[in-house]
Amino acid sequence: MSRGMTTEGASLTAAASSSASTWLTESTPSTPSSSGSSYPALSTFSSCSNSASSPDEADPMSEMSPKISVASMILLKDMEEFLHLYVSSANMHPSNFVRHHIESFDDMLWNEFPAMVAREKPVSVKGYRVKFGTVRYEPPCPDGKPWEKLTPAMARRTDATYHSAAVCDLTVTDPKGLETVYPRLELCKIPVMVGSAVCWTRTEGSPLPGECPSDPGGYFIIKGKERVVVPHIRPAYDQPCVYKNGDGWLCEFRSVNRETRQTVLVQAKTDCRRKLEFSLPYIKQYVPVGLVFKALGKTAREAVAMCGLGSFLGDEVSCRTVHHQSMAALLMEQHASAPEDPVADLAKHVPDGRSVYSKQAEGAKQAKYADRASVEEDRNAKGSKEDYVRHVLAGEIFLHGGDAAEHLGWMVKRMADAASGIGTCTDRDDLANKRVDATGPLIAFLLDGLLKQYVKLFVKSAGCQKNLCPYTVLQNSMVMTNSLHMCFATGNWTVKRLGPPSYVRVGVSQVLSNNNYGARVSHLRRIMHAVSFRGKNIRMRQLHSSHYGFLCPYETPEGEKVGIVLNMAEGAGFSLETPREVVLATVRLGKGLPGFFEGAPARLAWSGAAGSASVDVDGVLCGVTGDPVGFVREARLCLPGVSVVWKKVEREIHLLGCQGRFVRRVLDPEGIRGSGYDSPPAPEERDIEMDPAPSSSPSDSLPCPPGVYVCAQELSVCSLGDGEYADPPASEILTDAMSSVIPFYDHTQSPRNAYQSNMGKQAIGFPAVNCSDRYDATLHRLDYPQKSLVDSRSVKRLGFDEMAHGALPVVAIMTAGGFNQEDSVVLNASSLDRGLFSCVTYRTVSCADKRRTKYDSEVVCLPDWGLRNREWDYDLLGDDGVIDPSCAGALARRVEGKRKAAKRPAGQRTGGGPAGLCDALWIPAGTVLVGKVSHSLGPGGNPMRRDVSLTVKQSEEGYLDRVTVDVDSDGKKLVKVRLRTPRHPEMGDKFASFTAQKGTCGAVLTQEDMPFDKDGVVPDLIINPHAFPSRMTVNYLLQMCFGTAACKLGKTYDATAFEREDVVRDIAEAAKEAGIDCWDSVLHSGSTGRRLPTKIFMAPCPYQRLKHMVSGKMHSRTHGPTDALTRQPVAGRSREGGIKIGEMEQWCKISHGASESLKESVYDMSDKYEVPVCKECGRISDHFEYCRMCDATDMSLVKLPYTTKILFQELRSIGISIAFK
């Protein structure tokens, strides 16, 4: 996500910006991700800016004049009007909420993966030379049918994986020198993100059949299941980090090689008095910093200057503080005491190979050095250790590039600044020091390891073949496809590598929540720390000041995941990568940016005058500028996708183009941020084969929200509202999807907002328009969703007004007799009969043919009479073994007989599918939906057949809604049967308001028994007034007040947080406009007709019905299956298990004196058992007639649970004997 996007009146670009645009477009067309654009699609908004001035027509004074935006010249008279413009234009397309997923995935497709293949060196095996060509992608199609189109709806219906084939050219040179080019080599099949550049939903341009128009995309379809890749937060690399270490200071620098993805951590520590040490890579012992500088060929004066500790005036050192002076003296002392051959002295600290490098670690080290330099076999010899030290000093200290001595000096400077108070310690929890591995980097991590594994397996397989054809071997290899799909299906993100086992990220890919539309959007914006949930790091879980505008403070789960699993704020996202080469090319452009001296050592800025600053690009020191103000101003204009961070006190300017930076929208009224250069046109997305365009951004066609995007690190050093940037309203950037729709969430306590953020995801709503075409295992749908009369702006922006997940009952706040209403609500039965809160639950049963071996298979068919289960009903099966609703005779029996047993009215319509035969067909428990026979080998090797048909369980009864017979991705028969069960509200069901007033249904009263007012208005819901003092949900009452006025005036009211200066005055004005004299109403009792002694507050208030329903949890049994080992009833309602009697139930029955009831629960109805016990020795005997221990014949039967008998046997096996007295 980039920060360079401006509002539709983009800033006029100066000559420097225009020349940058021209140079980059002409000179670097093939540079990966040269634009660095992501969220703000530059091609959408840059035409206005770049066409305003050209290099030939530029005004000579334009470089000196400030950049003023068109919006600020024409429309914006003051900041209040600018905020109004921002808010009025903030209605975003649904795809904007998942833009961080889509653009990250597109960047991986067009830039990262082609670069991996291009870096792969030609492979030589048996005289053949194999070279991979340009990567391109084919549109999604069914396996083995490239002429057909595979849409997301088809993938869901057929349980297929929605993927695209990544193909390339393959050039093979045989031993005779003959070159053959194969135009299509399939490397792998990459799962395609819905809504990405290669998805049919983007290439077709209009909603496809079976797709929801409001579907934001951003997820994958793996074996018919929708799965989302959750981004992971990690520490930032390639920057020095200073921490307090006891009485001293510790500086860490973790560098990463972007091509090989290898990392190295080096540390420097000091106490500013006697110790100044540094750790070399792969050497566990710390060595003096002065010794390292001398080994790098630097003098003492150069070392002091590189560390920014001071400047030399003759033989004296001029330092900024006492700490700088003491560290400079310590550094010069270490340099002077170092031997003449510092490399030999460092070699003494290299441990012996036998004590450090095991065979496994040695192999891993050899593989790690394979691409850079070889390591001598004998590390014990003196010469090999010195060569090893030289090799480490040359290129192993800082893998990201740059001069090792300068970066070592940078680390020492940071420690000196922190010790003297000039600088500050690094805050580990600050988002400025965090990066996010989004969907693209996570998949690229897998592809990088799998591509190497793909080549290694090719070399291994080719070496074993006589008549070798390299193309055939590579084409038949499925290692990349299978491993990718396995990682997506399981969520375990890892690649098998040589050496010690690597870290496995668990839960990266998750099944997408589809309970309602809000839960879907919220899950797509989820983010998590790459740590264990059981970690005891409290500070990581707490809120941080840097989270403002980036992470939602409310939306986090309870329990062990609190603070680890988070949600992005509404205006936040992640940046894409702008390559370091592109940034350096722009900095060097023409005469360069103001005052920039390329290659100048950073010591000139750190130890020189105060008017200069060092410049680094993603952690690589590249020069010095003598005009920091002008440099920063021009850099922000020419590099809109790069963060320009100027630390004035430290005299450092950081140009950050790395991917994964936290960015968020801010206002740019002064036009500080330029629109940059035009991106080259995106590839034609309607082509059958899509060639990668490395410098293009295929997601530029997505609509862009207004504002500019600034990263957390830049916001930490700039001053918002002080001439640089301005913050949008807090209501637009503070919260995420589920919490932003809470009405007046600034008028309630914080825990209530957190509760509603989680309860809103459990509410039953309208998850998608294409519910009739979906075959989820369980899907809830509210029959009559209603829009609220009082809601926030986010409701319309998120689309919750069209995809609602609540209803709008008339609520009365009263005790209503108080019966069973401690924390519950009373519902109006007549309102429920009219459809209030009624919903439908869809359950899909899926079954497919399976053929594992010749004698191990499962076939969908009509089971023979001899195989059938006597307790099951096969009457509705057709000749093909699939339920057939057109069976007239069975249907007549079902409608007449089973309807009476189920006590349901004939011909009842419950919604769901088209009216027809299936609407009247009620499927009771025990009915076979799909006949299936298993074929296997018996104990004697004889073929066996067994009936494994799919039946309706006791808790899954419903109306037959739809039956589909299809073919899965393996070409086997796939049957899906969907049942529809109406769920009307009943006692025990959970309901909650949008302000987190949760309660169960305590009573359902008829309309005649409910109170009524003089106009005959009867409340639909009654809530206990005692629910308000402790929960303090003032926004509940505000919503009811404005709702009453909205009903009388026929309009809606805005409930956006932080928008009303005086809400009491606004309520009074609304009441005056609606003609309301008093908010309370005079009600009469429905049972007696008498007037109630007090006035009652009654008004419409939106409520949600949660998915926790009594009909889905109620369960009982008299007998059923038991566990084979313990002989206790199995657990689980779906398995017809028993009811658990836990410790609390046990003590409850004891306190009531119900000992017989307790005995019946834990013994008689559980694992009742009797054992023979000898009356002489008291031991359990294995015979009922006599005891083999003491030869006694006097035996008795003792009753005890079977699990207790197993426990006694286990104790006896370890020598502990149990005797009964």
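Every residue, even glycine, has its Cβ placed from backbone N, Cα and C.
Swiss-Prot tags one of the stretches 273-289, 1174-1190, 1191-1207 as zinc finger, and that stretch is 1174-1190.
DSSP states for the zinc finger (1174-1190), grouped as helix (H, G, I), strand (E, B) and coil, give 0 helix, 2 strand, 15 coil. Of all the Cβ atoms in the protein chains shown, 23 others lie within 10 Å of the Cβ of CYS1174 (Zn(2+) binding site). You'll find the Cα of CYS1177 (Zn(2+) binding site) roughly 58 Å from the Cα of ASP823 (Mg(2+) binding site). Annotation for CYS1190 (Zn(2+) binding site): same-chain Cβ neighbours under 8 Å, separated by at least 6 residues, are CYS1174, GLU1176, CYS1177.
The CA atom of CYS1187 (Zn(2+) binding site) is located 60 Å away from the CA atom of ASP823 (Mg(2+) binding site). Annotated Zn(2+) site CYS1174, CYS1177, CYS1187, CYS1190; additional same-chain residues within 8 Å of its Cβ mean position, judged by their own Cβ, are LYS1175, GLU1176, GLY1178, ARG1179, SER1181, ARG1188, MET1189, ASP1191, ALA1192. If you average pLDDT over the zinc finger (1174-1190) in this model, you get 85. Highest Cβ count within 10 Å among the binding-site residues CYS1177, CYS1187: CYS1187. Shown in sequence order, GLY999, THR1000, ASN1024, ALA1027 are the residues of the chain, 6+ apart in sequence, with a C-beta less than 8 angstroms from the C-beta of ASP823 (Mg(2+) binding site).
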